[in-house]
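Visitor: My structure is below; once you've seen it, I'll send some questions.
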Amino acid sequence: MTRYVFITGGVVSSLGKGLASAALAALLQARGYRVRLRKLDPYLNVDPGTMSPTQHGEVFVTDDGAETDLDLGHYERFTGLPASRADNVTTGRIYLDIITKERRGDYLGATIQVIPHVTNAIKAFVLDGNDDYDFVLVEIGGTVGDIEGLPFFEAIRQIGQERPRGSVCYLHLTLLPYIPSAGELKTKPTQHSVKELRSIGIQPDILLCRCDRPIPQDERRKLGLFCNVRESAVIEARDVDTIYAVPLSYREAGLDREILAHFQMEPETEPKLDRWQNILERVRNPEGEVTIAIVGKYTGLKDAYKSLTEALTHGGIANNVRVNLEWIEAEVFEREDPAPFLEGLHGILVPGGFGQRGAEGKIRAARYARERNIPYFGICFGMQMAVIEAARSLAGIEGANSTEFGATAEPVVGLLTEWMRGNELERRAAESDLGGTMRLGAYKATLGADTKIAQMYGGTEISERHRHRYEVNMAYRACLEAKGLRFSGTSPDGLLPETVEHEGHPWFIGVQFHPELKSRPFEPHPLFKGFIAAAIDQSRLV
């Protein structure tokens with residue numbers, strides 16, 4: 001029998017439901033159980049693909065091309081299990097599907113209502129395709145009391161009534177704030193949050209309480225009494241110094257044991273957490289450190305680069321060093337000399353982005369790295385800007401630019417209008433909608449056998465995830481390669497450039513894909529592993 005754990009949040013947003021879900025999944029997985037993670041997002045966007053990264057954070061792209069919530073990145077990194085478009089749904093997607101069916105006449109003239117039609121669609125999503133799993137963990141985005149979330153809470157309430165007795169658990173993540181003047185953790189916000197949850201028919205079975213200090217026994221007893229949960233089900237979720245300590249912290253607090261006790265399951269084995277302990281040891285006790293500059297467009301919200309920062313951490317774990325990050329807004333380099341900002345740093349990374357704002361700053365960062373032999377890693381937009389820099393500075397193409405920024409006589413980067421997905425030809429036009437129309441998901445690439453990037457991968461055939469609408473123009477390949485910028489990887493048909501590298505430079509690599517999306521703490525991506533290794537070499541020269 002498949003068992004369902006619904007993870008809700010209260011008191012404040014951004015408590016870390018995604019991390020809590022991923023950590024619990026890792027603990028259950030370490031006990032030998034088969035686990036699936038899913039996310040319900042109450043916003044009206046069909047997906048986060050057109051949302052501003054400074055509001056919502058990064059868009060996490062799956063192998064099958066879904067643009068999803070960044071929490072799915074946590075799920076993948078903590079469990080190693082690839083997510084798919086079937087693991088994330090929004091209110092917008094639910095409503096779009098229902099309205100499409102209504103227009104088609106599928107409801108045979110019925111009046112379409114939130115209950116039962118919307119709630120039934122949510123339930124169908126949650127319950128579909130779970131027969132092969134022991135546990136399905138479902139995170140509900142937002143906070144209890146948000147009006148947008150009401151249909152989702154009603155749907156999971158109904159699932160609790162309709163599933164066999166003992167097959168559903170409601171876990172509520174909440175906050176116990178510490179008031180210095182009172183000298184104590186306050187339980188009242190949690191009590192009110194649970195009251196709100198109970199008012200819509202859901203009684204939490206477990207309270208996972210975020211706090212910055214131990215919960216006194218009296219406060220546990222009070223929470224158990226007023227929230228109607230067992231005292232043992234009041235679980236402490238202490239703040240930790242790194243997210244990779246969360247599974248071990250939850251294990252120590254007894255979260256996985258309480259989950260099994262709720263389902264009346266006898267633990268078959270103790271969780272095997274050696275690899276988590278090894279990772280934590282490397283994170284907390286590095287043998288050195290390097291500093292990497294991230295020259296980006298959305299540096300005001302670090303979650304806009306969540307997978308990127310984690311992949312850099314993984315590269316540090318692989319090389320047993322701490323990776324310090326220097327965040328630099330790309331627009332700064334459009335009005336100031338990059339040298340004072342980049343001097344003494346050990347590597348420069350220019351990540352993906354969209355639009356003209358900050359583009360010239362990224363180009364100047366690429367030039368600084370090339371001229372001073374500093375390790376450079378350009379991802380997606382960062383690769384495109386590096387190619388434009390080479391076209392202008394090395395090939396003498398003064399007007400080199402991207403058509404993304406407007407009409408240009410030298411379209412070194414242009415709109416991608418046709419590409420192969422497997423055996424099928426996909427097409428896009430300039431007037432296409434923005435949502436869901438990019439080159440999305442996993443695509444294969446072929447690398448040159450004698451290239452630096454092939455050495456890092458350990459082979460010439462790779463598959464990586466993409467999210468882009470523009471592409472480097474292959475018409476400029478010959479003149480750029482003549483100046484030392486090698487097109488070191490292409491699509492299997494040879495039509496689309498996938499990677500470039502400067503010959504003669506210690507480490508200057510650009511990739512059109514997003515390697516950060518496939519990096520794991522236990523399997524650091526080879527490019528991030530190589531980039532940090534190059535940064536270590538650079539640190540010895542500074």
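Placement of Cβ uses the backbone N, Cα and C atoms for every residue, glycine included.
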Visitor: Select one of Lys123, Lys222: the residue that Swiss-Prot places in the UTP site alongside Ser13, Lys186, Thr187, Lys188, Pro189, Thr190, Gln191.
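Guide: That UTP site, as Swiss-Prot gives it, pairs Ser13, Lys186, Thr187, Lys188, Pro189, Thr190, Gln191 with Lys222.
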Visitor: For the ATP site that Swiss-Prot describes with Ser14, Leu15, Gly16, Lys17, Gly18, Leu19, Arg238, Asp239, Val240, which of these is also annotated: Asp71, Asp87, Asp303?
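Guide: The candidate from Asp71, Asp87, Asp303 that Swiss-Prot ties to ATP along with Ser14, Leu15, Gly16, Lys17, Gly18, Leu19, Arg238, Asp239, Val240 is Asp71.
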Visitor: Report the candidate from Gly353, Gly441, Gly494 that shares the L-glutamine site with Phe381, Gly382, Met383, Gln384, Glu404, Arg469, as recorded in Swiss-Prot.
Guide: Gly353
Visitor: What is the average pLDDT across the domain 'Glutamine amidotransferase type-1' (291-541)?
Guide: 92
Visitor: Round to a whole number and give the Cα-to-Cα distance in Å for the pair Arg469 (L-glutamine binding site) and Cys380 (active site, nucleophile).
Guide: 10
Visitor: What does the structure give for the C-alpha distance between Cys380 (active site, nucleophile) and His514 (active site)? Integer Å is fine.
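Guide: Their Cα atoms are separated by 7 Å.
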Visitor: Whole-number Å only: compute the distance from the Cα of Ser13 (CTP binding site) to the Cα of Phe381 (L-glutamine binding site).
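Guide: Approximately 31 Å lies between the Cα of Ser13 (CTP binding site) and that of Phe381 (L-glutamine binding site).
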Visitor: Could you round the CA separation between Gly16 (ATP binding site) and Lys222 (CTP binding site) to a whole angstrom and send it over?
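Guide: A Cα-Cα distance of 24 Å.
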